Each structure stands twice: as C-alpha cells, then as structure tokens.
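Asker: Handing you this structure, nothing more for now.
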C-alpha cells in the first residue's frame with residue numbers, strides 16, 4: 001500500500017514539475033531560426049553590403065558566401081547543441097568549455113549591447129515601415145517611431161510572458177508571412193528579368209568597380225551581411241524547450257540555413273532587376289523603393305509586408321534572448337531572480353522584463369543604426385570563440401558522447417575565415433571594432449566583483465534577498481526543476497572522462 005502511494009506521489013510530482021515546457025517541434029524550430037534570421041536585415045543590409053563591396057556582382061557573391069559560412073557554423077553548433085544539451089547557446093557552451101570568465105564576457109556583451117541593440121533596430125524598422133504610408137513626403141516623426149516601437153516591444157513581451165505556445169504560434173505565422181513577402185519581391189523581380197530588365201546583372205556591368213575594392217572593405221561587406229544572417233544560432237538558446245532536440249535541432253538547422261541563403265540571394269537579384277546600384281545606395285528603405293517602382297497602386301503592400309516581417313523578428317529575439325538571461329542567472333552570473341519562471345505559465349518573466357527594459361532604454365538613447373557594426377563584430381567574435389571551443393572540447397574530452405560529430409575541416413575552415421574577417425575588419429575600422437572589444441572587456445571587473453567575490457558584506461546579500469523575494473511575489477515565479485534526462489549523457493560522460 002505504501003509503495004503504491006509512494007509511486008502515486010512520484011507520478012503526481014513529476015506531472016506537477018515546474019519546468020520549461022517542451023513545445024517546440026520541428027516546424028516551430030525551423031520557424032525560430034528563419035524568423036530570427038529574416039527580420040530587418042534583408043531590408044537594411046543590402047545598401048551596406050553594396051557600398052563596401054563596390055559592385056553588384058561582388059555584393060551577390062558576399063550574400064552567397066555569407067550563407068555558406070553560416071552553414072559551416074551551424075553544423076558546428078548542431079554538434080555542440082546535442083553534446084551539451086543546455087539552453088543558452090554560445091554562453092552555455094563557452095562556460096562549459098572555457099570556464100566562467102569567458103562565458104560571462106559573452107553574456108555581458110550580449111545582454112548589455114548585442115541583443116537590446118538588435119531588438120531596437122528591428123523595432124525601429126517596424127515602426128518606420130508602418131508609419132511610412134502616413135508620412136509619404138517626409139520621414140516619420142522621431143517621437144512617433146520610438147513610441148510605436150516601444151508599444152510593439154511591450155505587447156510582445158506580454159505575449160511571451162503569458163504563454164510559450166502563443167509566442168511560438170506568432171513565430172510560426174509571421175515566419176510564413178515574411179517568406180511570402182520576400183516571395184513577392186522575388187517573383188516580381190524574376191518577371192522583370194524575363195522581360196529583359198537585367199542590365200545591372202550583366203557580368204560586364206555587374207563587376208564594374210568605381211575603385212578597386214580592398215580586402216578590408218570586403219571584410220566590412222561581410223560584416224554588414226552578417227547582420228542580416230544573425231540569428232542562425234538562436235535555436236541553440238532554447239534547446240531545453242525543443243521536442244527531441246537530438247533529432248530536431250540538427251534537422252531544423254539543415255533545413256533553415258540553405259533556405260534563407262537562397263531567399264536572400266534571390267531577393268538581392270530581384271532588387272537589382274529594377275534598381276540601379278546608385279538608386280539602391282540612395283534609398284533608406286530598399287523594399288519601399290522597390291515597391292514604388294514596380295507595384296504602382298499596390299506599393300502599400302511592401303511596407304506592410306516588411307512590418308509583418310520585423311514584428312515576427314522582434315518576437316523571435318525576445319523569445320531567445322530572454323532564455324540567454326535565464327541561462328546566465330542559472331549559472332550564477334546574473335541575479336537569481338532571472339532564473340525563475342512563472343508558477344503556472346512556465347515562462348521566464350523576470351528575464352523577459354529585463355530584455356524589454358534594456359531595449360527600451362537603447363531606443364530612448366537615439367539612433368541605433370550606428371551600432372550595427374559593433375553588434376556584428378561582437379557577434380562574429382562570439383561565434384569564433386564558441387567554435388574554437390568545439391575543437392578544444394574534442395581534444396580535452398574525446399570520450400564525450402557526441403550524437404553528431406562533424407568533420408574537422410568544417411570548424412577549421414570556419415575559424416580561418418573568421419580570423420581573416422575580424423583581422424581585416426579591425427584594420428579597416430579600428431575605432432568601431434576597438435569599441436566592440438572595450439564593451440566586452442568592461443565585463444572583467446564586473447565578473448570579479450559580482451561573481452568571484454564571495455565574501456561580500458552581509459548587507460549586500462540582504463538587499464539581494466529582499467529584491468529577489470519582492471520580485472518573486474510580483475512576478476509569481478519560482479526556480480524551475482531540471483529534467484535530469486536531458487543532461488544525463490553529459491554528466492555520464494563527465495564521470496567516464
């Protein structure tokens with residue numbers, strides 16, 4: 001009788017476990033990757049890529065090669081994702097491999113500048129495209145764009161706080177919407193090409209340079225393209241919420257990255273089918289200019305389509321970046337309140353509120369477009385460190401269980417490209433890249449004071465406990481219970497190494 005009651009208690013406690021819910025299937029996993037990559041970048045970066053590449057032909061090569069590099073990186077992340085099955089992406093892997101300080105520096109730069117700035121850029125793109133039809137002969141007012149961007153971020157934060165399922169459904173729907181928007185651009189562009197309007201794409205014209213491009217300028221063109229491709233690794237941030245991650249994580253990556261590369265390349269070809277390089281460089285809203293030239297009275301479709309695309313991008317970035325805060329707090333690198341989830345909804349409300357607040361603060365500071373190069377530089381820096389960690393882990397722990405094991409040439413090829421790109425970017429834009437490094441290194445004293453210093457005055461601990469207690473009551477959150485089945489292979493391998 002006692003055994004039956006004991007089993008019943010164990011069964012009920014298991015079903016009542018407060019933990020992150022596994023509601024991300026293969027379709028939603030693909031939607032997260034595609035939805036995070038396709039945000040505002042494809043509507044912003046073509047101008048920057050063309051400007052630094054110096055010709056139409058070279059800019060198209062940059063777009064194709066950028067997707068190829070992402071494919072190499074994503075294969076490495078697929079191995080890391082199933083070998084270290086934790087949410088948090090780069091941060092979790094680097095912390096596991098290199099230790100707390102390196103992991104904290106990635107976390108610090110991501111939370112402080114990378115994701116809030118990217119969110120702010122996407123939100124501003126959303127508000128600009130929504131308001132553009134109302135202000136056809138001038139730019140939308142500064143306050144109006146900031147206000148609408150803030151309302152959008154607040155609304156999507158509320159959705160993500162309320163339900164994981166709502167957030168993933170929004171991501172699914174808007175991912176389909178943004179693909180349809182880009183499909184419209186591609187189809188209209190192909191029709192133009194079939195009609196013979198492809199002067200800018202002729203090889204003799206496409207590779208005409210106003211001046212010989214330097215390696216440094218080509219590196220900056222890749223950095224601009226990397227902003228449009230950023231987000232390819234975001235499924236790794238929510239590994240613990242993926243159904244059967246060892247199957248669906250690599251499948252989603254292998255489906256999504258080639259699809260996005262194809263869409264981006266065809267979209268740029270479509271742009272050049274109706275716009276000269278000079279027109280594209282002069283445009284602040286490439287898709288709107290494209291629509292005005294080719295869609296006539298239906299040109300209003302383009303700003304609405306871009307708005308829908310960026311709306312889905314904001315939702316995806318909020319969903320995944322909040323899990324980064326959650327993972328950092330769980331490791332003790334951020335306040336423990338951020339590692340708590342809602343008692344009923346099982347959503348990381350404190351982490352979502354921090355991401356929302358940081359983004360709104362950056363929105364209020366001013367023009368965020370100047371920070372895109374900082375973001376791209378820090379992004380690439382974190383990718384390289386993470387993939388270097390894969391090689392180090394292969395050597396340090398060869399007996400670790402690896403459901404996926406990529407060929408060694410893949411991470412080595414990625415790191416060679418990475419080193420060349422960052423080296424020439426640093427040479428061409430030392431101030432921009434140097435400030436990116438400074439932003440990251442400001443986390444060193446924060447780490448030693450906030451994390452390593454254990455013997456802090458008692459009053460500090462009392463204040464933290466009081467704030468945590470108040471935050472728990474306000475947000476109705478508790479610490480989640482881990483599912484040991486997900487981390488069992490990792491801990492088992494540790495015991496055998």
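Heads up, the Cβ atoms here are built off N, Cα and C, so glycines get one too.
TrEMBL entries are annotated by machine, without manual review.
Feature list, courtesy of TrEMBL:
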type     : residues : note
TRANSMEM : 24-44    : transmembrane segment
TRANSMEM : 56-80    : transmembrane segment
TRANSMEM : 101-127  : transmembrane segment
TRANSMEM : 147-167  : transmembrane segment
TRANSMEM : 179-198  : transmembrane segment
TRANSMEM : 218-239  : transmembrane segment
TRANSMEM : 251-274  : transmembrane segment
TRANSMEM : 294-320  : transmembrane segment
TRANSMEM : 349-368  : transmembrane segment
TRANSMEM : 374-394  : transmembrane segment
TRANSMEM : 406-428  : transmembrane segment
TRANSMEM : 434-453  : transmembrane segment
Asker: Looking only at residues six or more beyond either end of the transmembrane segment (294-320), which have a C-beta under 8 A from one in the stretch?
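Answerer: Sequence-remote neighbours of the transmembrane segment (294-320) are 32, 35-36, 38-40, 43, 89, 115, 118-119, 122-123, 125-126, 129-130, 132-133, 152-153, 156-157, 159-160, 167-168, 170-171, 173-175, 177-178, 180-182, 184-185, 188, 192, 231, 234-235, 237-238, 274, 285, 287-288, 352, 355-356.
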Asker: Quick one: find which recorded stretch in 24-44, 218-239, 349-368, 406-428, 434-453 has the most Cβ pairs under 8 Å with the transmembrane segment (56-80).
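Answerer: The stretch with the most close Cβ contacts to the transmembrane segment (56-80) is 218-239.
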Asker: Among the recorded stretches 101-127, 147-167, 179-198, 218-239, 406-428, which has the greatest number of Cβ pairs closer than 8 Å to the transmembrane segment (349-368)?
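Answerer: When the Cβ pairs under 8 Å are tallied, 101-127 comes out ahead.
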Asker: Sort out for me which stretch, of 101-127, 147-167, 179-198, 218-239, has the most Cβ pairs below 8 angstroms to the transmembrane segment (406-428).
Answerer: 218-239
Asker: I'm a bit unsure how to read this: which one of 101-127, 147-167, 179-198, 218-239, 251-274 has the highest number of Cβ pairs shorter than 8 Å with the transmembrane segment (24-44)?
Answerer: 218-239
